[in-house]
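Peer 1: Supplied in structure tokens, the structure appears directly below.
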Amino acid sequence: MTVRRGKKLSISIQEHMAIDVCPGPIRPIRQISAYFPHRSPTSPGPASPNPASSPLALSPGFVAPGMGGTHLLSPLLAHGRPGGGGGGGGGGGSLSLTSSVDTSVEINSSDSDDCTALGTLEFELRYERSSSELHCTVLRAKGLKSMDFNGLSDPYVKLHLLPGACKANKLKTKTIRNSLNPVWNETLTYIGITEEDLHRKTLRLTVCDEDKLTHNELIGESRVPLKRVKPDQTKHFHTCLEHPPPLPSPTAMGEALRGISCYLREWENEQLHSLEERGRLLLSLQFLPPLSLEETDVGGGGEEGGGGEGGGGRRSGGLCVGVKRCAHLAAMDVNGFSDPYVKIYLKPDIQKKSKHKTAVMKRTLNPEFNEEFFYEISLQELANKTLEVTVWDYDLGRSNDFIGGVCLSCYSQGDGLRHWTDCLKNKGSRVERWHILTNELPRTVGHD
């Protein structure tokens, strides 16, 4: 191509593309799947008759014997040579299956989730139906991952009940210093676990490394659905520790799904917050039918007064509410404890006379009250009432802190509804049941 003086050099787009983009022979573009094995090396399956066609033989840096150092093995070369084609085919056939498996394990060893990566945990679970207690005996752990500079760890185990994990239902073992194979043999007990909890709850066991100067580090966790535990039977578990499940990231989604993901995450956080567990409460309900005059003269009728309004002879029927105890209450004070007491209301309460309070128990998260209160009311009126039970933390000189509450009526759900209907159906019988305290404050209840 000749160019005259004073004339501008012009190159067509075809010549430009041929010069800049195609300096040499066109090579096929490698697929990302060609660099990774298609199946795990430990998974069972028939060995490939042609070792050169194994997934690992497609690695970009592999040079087969006899090919020369200037030719990289591409996916097209690996799949396009069926054992022939000069010396390259013979060299590819000499690649052994053992070497490919060893290299694959070496690649994936850093991100492996095998039992040996984080360690194993051995424990036992037993649910006592009579006492509504769940016993978790943490036995030992083996082969834990080292988290400290000395190549060891200071492991301990903490338990949470899901959903609704919070500080109120967290239990913790002692810490074993400088060990990767700790032995605890420690039993942790949850009080107030109902059979409904066995069907919907999951126990999370988290193994952590304790650091005095920095934050504690998580080693691994294991989750066990409580429905695998049968009442009054001991179940032994030997599980591999795993990484916590990752949270879905909205940044990895498209624009259309990003807003939906953020909305679902906010809704989930709101639901978890509104259903946060603040502890357990053991209540007893008993509807006492009216007594005749003869029964009043013989028995006196005052055995069920219990600090309520029925101090003298009781002729009309009523509801006897027994506040037994609380367990795993949330700590509301800076010392890690609470000063709990219980208030009960029978609503609607037009005359403002249904309020009863228990005594205050100092510095405890598992108080025992054993107090009873009596409401003089007929069975027909009781069917339209709502029993509100709230637990508070007493603070001197300022407003008391709300710990949790529960409502029992014909409009309740779950354990609250079952407890209320059992009381109305079984007149004269005392019905006890554990209830979960939530952080929802009933709208009709205000601070004192």
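Including glycine, each Cβ sits where the backbone N, Cα and C put it.
So TrEMBL lists these for the protein:
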REGION    36-57  region 'Disordered'
REGION    74-98  region 'Disordered'
COMPBIAS  81-94  compositional bias 'Gly residues'
DOMAIN    117-241  domain 'C2'
REGION    294-315  region 'Disordered'
COMPBIAS  298-315  compositional bias 'Gly residues'
DOMAIN    300-435  domain 'C2'
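Explain the structural surroundings of these features, please.
Peer 2: Restricting the average to the domain 'C2' (117-241) gives a pLDDT of 92.
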Peer 1: By DSSP, how many residues in the domain 'C2' (117-241) are helix, how many strand, and how many coil?
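Peer 2: Looking at the domain 'C2' (117-241) with DSSP, the answer is 14 helix, 63 strand, 48 coil.
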Peer 1: Using DSSP, how many residues in the domain 'C2' (300-435) fall into helix, strand and coil?
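Peer 2: Helix/strand/coil tally for the domain 'C2' (300-435): 15 helix, 50 strand, 71 coil.
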